[in-house]
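Copied over from TrEMBL:
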- 29-47: transmembrane segment (TRANSMEM)
- 29-172: domain 'EamA' (DOMAIN)
- 59-81: transmembrane segment (TRANSMEM)
- 101-120: transmembrane segment (TRANSMEM)
- 127-149: transmembrane segment (TRANSMEM)
- 155-175: transmembrane segment (TRANSMEM)
- 187-204: transmembrane segment (TRANSMEM)
- 224-245: transmembrane segment (TRANSMEM)
- 257-277: transmembrane segment (TRANSMEM)
- 283-304: transmembrane segment (TRANSMEM)
- 316-333: transmembrane segment (TRANSMEM)
Amino acid sequence: MPFISKSTLLCLFFVVTLPSVLNKVKDMMWLLLAFLSAALLGFYDVFKKQSLKDNAVIPVLFLNTLFSSLIFLPFIVLSVWRPGILENSIFYVPVAGWEVHRYVVLKSVIVLSSWMLGYFGMKNLPITIVGPINATRPVMVLVGALVVFGERLNFYQWIGVLMAVFSFFMLSRSGKKEGIDFKHNKWIYYVVMAAVLGAVSGLYDKYLMAPADQGGIGLDRMIVQSWYNIYQLFMMGGILILLWWPKRKSTTPFHWHWCIILISIFLSAADFVYFYALSLDGAMISIVSMVRRGSVLVSFIFGAMVFREKNLKSKAVDLVLVLIGMIFLYLGSQ
């Protein structure tokens, strides 16, 4: 029998197992993308908090929609005037009529309402308080996904969901030590309403992009992401001109901060990855939404290191539970 070297055996093993490994990676790609989106979303929250510090909310939000629109405008223009350049790529934006755009306009209204409330809340509350409240979105999305889309979770996924929900609840309780009365603080209600609308938006995303045989209408994800930014820009332009501009001298003044651009870049990247994940076969909105709330880990780290916020020890214990919950979600999706 001829001698076979270890390197040859290793190569043979690699060749034989590679297809199965690639298939596994392909099957769980939507989950990996959800984790990536969570990291990007965490940095988005940090830059948003920094941009809103002693700053006017409406101009910051307007500039966010402006820069986000500028990011996707080239894809829209090229797809119309030079379709051959982007066709068959992930950046191609198909041409659609009002029967499609009406759904995107509704999404713009939902998201912009959530952002408006969330921006005001973020400006006036610690980021380590806002993060846990936003982290309740997956609970709302989970209930909606179970009822509307008939999604079912396995044992490991249920453990992950329950641990994450418990940890988010504990984080919220830790925030009370900072003297913020949740029952009588209007900014808390702003953030809660933003979370509710964010959950509605998450369920609506699944409806927009899921195929008809799965209860959706099967819209192209690039149509949704690119055009909802454009519609939001016009909406925010009207709000800026009608509501903020006449009273700009009697309210908090606006000042430029480079983090405003980073808000748009990281949000656009996070949403792009998120929409792509939802468009993949087998993607579960309840799990994707839960993993995205892991962005609270990033905001917590920056809240401690950059913003010097309080009660970090008790919140750190709660964050360990978040990590364990994310691990169980990962195991349940294998």
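Backbone N, Cα and C atoms are what each Cβ position is placed from, and that goes for glycine too.
Because the structure is a prediction, the values reported are computed rather than measured.
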Taking 3+ C-beta pairs under 8 angstroms (sequence gap of 6 or more) as contact, is the transmembrane segment (187-204) in contact with the transmembrane segment (101-120)? yes
Any contact, the transmembrane segment (29-47) to the transmembrane segment (224-245), with at least 3 Cβ pairs under 8 A: no
Compare 59-81, 101-120, 155-175, 224-245, 283-304 by their Cβ pairs under 8 Å to the transmembrane segment (257-277) and return the stretch that comes out on top. 59-81
Cβ contacts the transmembrane segment (59-81)/the transmembrane segment (155-175), at least three under 8 Å, sequence gap 6 or more: no
Of the listed stretches 101-120, 155-175, 283-304, which one has the most C-beta pairs under 8 A with the transmembrane segment (224-245)? 101-120
Across the domain 'EamA' (29-172), the model's average pLDDT, rounded to a whole number, is 87
Across the domain 'EamA' (29-172), DSSP yields 119 helix, 0 strand, 25 coil
